Amino acid sequence: MLRPQGLLWLPLLFTSVCVMLNSNVLLWITALAIKFTLIDSQAQYPVVNTNYGKIQGLRTPLPSEILGPVEQYLGVPYASPPTGERRFQPPESPSSWTGIRNATQFSAVCPQHLDERFLLHDMLPIWFTTSLDTLMTYVQDQNEDCLYLNIYVPMEDDIHEQNSKKPVMVYIHGGSYMEGTGNMIDGSILASYGNVIVITINYRLGILGFLSTGDQAAKGNYGLLDQIQALRWIEENVGAFGGDPKRVTIFGSGAGASCVSLLTLSHYSEGLFQKAIIQSGTALSSWAVNYQPAKYTRILADKVGCNMLDTTDMVECLKNKNYKELIQQTITPATYHIAFGPVIDGDVIPDDPQILMEQGEFLNYDIMLGVNQGEGLKFVDGIVDNEDGVTPNDFDFSVSNFVDNLYGYPEGKDTLRETIKFMYTDWADKENPETRRKTLVALFTDHQWVAPAVATADLHAQYGSPTYFYAFYHHCQSEMKPSWADSAHGDEVPYVFGIPMIGPTELFSCNFSKNDVMLSAVVMTYWTNFAKTGDPNQPVPQDTKFIHTKPNRFEEVAWSKYNPKDQLYLHIGLKPRVRDHYRATKVAFWLELVPHLHNLNEIFQYVSTTTKVPPPDMTSFPYGTRRSPAKIWPTTKRPAITPANNPKHSKDPHKTGPEDTTVLIETKRDYSTELSVTIAVGASLLFLNILAFAALYYKKDKRRHETHRHPSPQRNTTNDITHIQNEEIMSLQMKQLEHDHECESLQAHDTLRLTCPPDYTLTLRRSPDDIPFMTPNTITMIPNTLMGMQPLHTFKTFSGGQNSTNLPHGHSTTRV
């Protein structure tokens, strides 16, 4: 059958229409696919516009079903490279860039010399010193151009937060100011679980970060200024990442914690953060501040051929040296101290940290701080040769070495040594070497960490500033640590960053259990709650039922605020509880008694009537024959320090002849240790009473003389106020010089020696050779708020504003 010719075009038209429709559909599908690809690409590689240019990060899923994905922005510059003429100078803002900067890989770390032979092992965590091969992978790319930070941004919204902006937590890594990098700590888990933005930073270390000549040639504290510059960058740019610049918390462990503590005392960091978490270290620790920077700078300059007399020429020579030559020099600091670290420059750190705390300079910040149960493990681990504990000789040697290096004055050293041994002997089990080992760990823990932390907490809480204290009692099972060890220095770090939730890593190679996962969730909840509200209990409740069926005992615990009277703290462990007065007796021993005991023999010179040394005491004791004191305490390598300008100490105590009327120090005693301690305490109280009586008598006599004076002409009150302020801010070094001068002038008059008592200030942290000395160019630590004074650092200036009269100190800018 034939089709009509008029209908022949219909199939052709239909075919054409189908082809056109298919083409359009194909194009539409292709465009849609491209669009979704671009969206997915943007989600996978997000781009953020900062004040200095655009950066592209990486969206990273985490290996746990309870953790959401995190955006990572790695190697973001926060300052210009501190190279060339910028070496030994404060940091400067970074340069802008065009286009999109790749921020998916870490940048170079700050120069450091990771040699196991020269590390300060006692001050570093075990996971750090036993993982040097792993750490080398993090620090192998070193460069002076190292001022970069890493940002971890969670993707999920917080149902407990109404504020769309997320709180920010900035981690300052530790490492005895000489080692470490922010790159080795992954903030992804903490950011995801706690729904906060976590930022880790690199800052200049060691010689490049803290070298100081003690004058204007090289002021020091460049590492601290790097941290402050990072905080300034965060304040300016964190909003682009969804962060709240008004809710910034800085936190750190070890040397990082002491940096955090120092930043709370510096005017340079005002307004850059609101809260601080101080883990195992404060500005009051003996190793927190370098009191003799010029000494170690001279040693370095001599080693590299830059030992010019003029400090400006010396620093210029050091600037021209290759950084590798500088950091590879071996400079050993005094035991329990540092060679290159923060210094009191009169500007960034305007005065001694204890004085600044007493003035209330850190009351603007909410603070959470604490210690681990066995911080002093590394000090003892090197002494013990096996698992059997500590022998009596090892114990005696450790105490003797400790006293010689921290309190190396000849006056009262024997009394102090015996008192410490008495305090740290478990008299119910004194023959047990394992008990002896435990008490020795406690000695170093209390002195280096606990006493400074409690003192810091007391000073911060005395005016009602929010303060929370914790004691960390848990540690993971690991072959890196001896089986007898408690929670050591740095053991809290993996729990803070949620490492148990993803399992062992090369850096934290522990056998994590469900209990470890639960405790890590608890710690992260406390830390991030504090960052959100300043209260570790709010807004997120403790709930870990999703981890295992065991009840979470932290649900029933309310972490109470710390105050100097009750001293409440949270025991963080598998059996949590709120307790009070953490190691109060030992803390009082170090803070109240020891500062008087270490110079006690000078007091004995006033009251003793002994004219010659008694014969050796061979009295029989239940545990053997009593030896002479010369054999009781093993000698150390540190030589005894002979007092200058005091001839009576140079006399031979065994010299025969006519009776010597010079009062001598009794070096051999026939009374027991208990009686020695009792007499020591009694003599201290007697000495203090004499001082108090003398002060009262002086005031009464002065008032009597003033009543007979004629009224003086009216004076210029403006000049008086200026004069009072100048006196008030006199530097610690100048005070020390005046004190020494007064004492020297009085040494010729024995009857007046009671009017010149030893200077007990800050004895917890000073070593014998750490007494500040003055040179023509020495910084005198005058705050830059004085009218007409120029700040020592040009990094940032502060106007001398009017202070509130309600503050604890006239120069304080903080709240009560």
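Yeah, the Cβs are placed from backbone N, Cα and C, and that goes for glycine too.
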Candidates are Asn511, Asn803; I want to know which one Swiss-Prot annotates as N-linked glycosylation site. Asn511
According to Swiss-Prot, one residue among Asn102, Asn716 carries the annotation N-linked glycosylation site; which one is it? Asn102
Inter-residue C-alpha distance, Cys306 (disulfide bond) and Cys476 (disulfide bond) (nearest angstrom): 48
Looking only at Cβ atoms, how many others are within 10 Å of the one on Cys306 (disulfide bond)? 20
Listed recorded positions Asn102, Cys110, Cys146, Cys317, Cys476; those within 10 A of Asn511 (N-linked glycosylation site), CA to CA, turn out to be Cys476
Across all the protein chains here, work out how many other Cβ atoms are within 10 Å of the Cβ of Cys317 (disulfide bond). 15
Tell me, how many other CB atoms lie within 10 A of the CB of Cys476 (disulfide bond), whichever protein chain they belong to? 24
Cys510 (disulfide bond) and Asn102 (N-linked glycosylation site), Cα-Cα, nearest whole angstrom: 34
Secondary structure of Asn102 (N-linked glycosylation site) (DSSP, helix/strand/coil): strand
Tell me, how many other CB atoms lie within 10 A of the CB of Asn102 (N-linked glycosylation site), whichever protein chain they belong to? 13
Listed in sequence order, the residues of the same chain lying six or more positions from Cys146 (disulfide bond) whose CB sits under 8 Å from its CB are Ser107, Ala108, Val109, Cys110, Pro111, Asn202, Arg204
Those residues of the chain, 6+ apart, with a Cβ under 8 Å from that of Cys510 (disulfide bond): Cys476, Gln477, Ser478, Pro494, Ile499, Pro500, Pro504, Asp516
